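The domain 'Cadherin' feature in TrEMBL is assigned to 11-55, 56-170, 171-275, 275-392. According to TrEMBL, the feature transmembrane segment maps to 402-423.
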Amino acid sequence: TGVIRTALHNMDREAREHYSVVIQAKDMAGQVGGLSGSTTVNITLTDVNDNPPRFPQKHYQLYVPESAQVGSAVGKIKANDADTGSNADMKYTIINGDGSGVFSISTDKETREGILSLKKPLNYEKKKSYTLNIEGANTHLDFRFSHLGPFKDVTMLKIIVGDVDEPPLFTMPSYVMEVYENAKIGTAVGTVMAQDPDAANSLVRYFIDHNTEEDRYFTIDASTGTIKTAKTFDREETPWYNITVAASEIDNPGLVSHVPVGVRILDVNDNPPELAREYDVVVCENAKPGQVIQTITATDKDNSANGARFHFSLDEGLSLNPNFTLRDNEDNTASILTRRRRYSRTSQDIYYLPVLISDGGVPPLSSSSTLTIRVCACERDGRVRTCHAEAFLSSAGLSTGALIAILLCVVILLAIVVLFITLRRSKKEPLIISEEDVRENVVTYDDEGGGEEDTEAFDITALRNPSAAEELKYRRDIRPEVKPVPRHHPSSSLDSIDVQEFIKQRLAEADLDPSVPPYDSLQTYAYEGHRSEAGSISSLDSATTHSDQDYNYLGDWGPEFKKLAELYGEIESERTT
């Protein structure tokens, strides 16, 4: 059948893992002359967990500086196992020792190593070494080979703590100090303390980290660590300050440690009490004596230890108030009461009541506030109806509707007066009142006349109207402001004056007389002038006279003047005949 079986007992994979076997097959039952064939079979032994883990050494030593960080890995340890795969998996544990609370161990599954980590900070000055018993055990056991066990091993690890120069260590993780708000500059607030944890015990220097504005309110003594005030405080503005104090070794300034310091500002009774708000106090006109019209309260910026109890009273320096009084309710409130019956706005509409408030602090402080009390008209149930001045008009018998009606009447009367004045100003008088004013009259002659030789057709006496010339005419479109200059005429007869001379005289009078029309007025005088010495140049009478003019040259002007040449040629022929 070709079955391959082991020939040795208890074969060990760790001693030899691989085997090679040559197999030969023959026919004819292996007789001579038969044919054969061979092959090689490679055999690999599989692993079983038959080898327990073993530490190479029974004692180990590890150096760890005291400055090692908590949680960091400080060393490794490994137990050997001849098996492979899952048969070699193991787990490391710390079974005893004085360092079991300071160190911890875990297993790296890939490298099968034990990783030693720090659980707590080390301090060389307190403990210089630790001893650990570490066990390494297989996690997958084969009970067929349990007689070969136990499948675990133990070793001892001694850890030496190394001395490192550490920064100073404060005696407390944080500090809380107190100071009164009225403390003077330089007042001691408190002291911080730090020491060098090393064996050298170097001197320590203190300083404040001035990272914020709050740090500038304090100073610290570099040698003693005493914190003092650098500015004055006001608890009502800032009741708490947070600063950071640092400490470093003088021999090694690079090693610095920090600690937070909180400073609480204690209250001092330095703020007098005052009214809690602005009160609008109203008293009704129909108020009765002893009636409470307002309850007031006070407030104090100081804390309850210096201002929780308030006392109210009227100013004792003033005379007894006949109108109002005050009652302290002894619960940090006070009531304002009336002292008489009925108040009238017509006589006095506002009253002022000074109130004195004191607190229960040490020393007690007080302040004075003045309440303004208004007199108002109220309903019977005490509701305020109005406090305005229009109520006085209503009491006099004038309602709002009557006032509006009076105002409308006044507006209508003013509109009528303005309209009347406007119409009066827009009305104008005519410039010419009488038609007898000859300055604007036009004399019309419906007569053609007989030419320059006809001197009888036009009567020049119309321009020489003695009545029109002698009568003084005033302008009626304006009121003359200057007295007109009287006109002086020559005593000679008007018939003997030439028309041209007459016109010059009238022109001079018009220029000098302010009552005559202005320059844009038109004065018309029909004047042709004297008869020309050369006689008339008109052609109206040329047909009746004889002329020696020769019109034969018109024939030389061309065909355009042919008709004119024939016309004058006929006239010339008639003259010769």
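Using the three backbone atoms N, Cα and C, a Cβ is placed for every residue, glycine included.
In the domain 'Cadherin' (171-275), helix, strand and coil residues by DSSP number 5 helix, 47 strand, 53 coil. Across the domain 'Cadherin' (11-55), DSSP assigns 3 helix, 19 strand, 23 coil. Across the domain 'Cadherin' (11-55), the prediction's mean pLDDT works out to 85.
Residues of the domain 'Cadherin' (56-170) grouped by DSSP class, helix first, strand second and coil last, total 10 helix, 55 strand, 50 coil.
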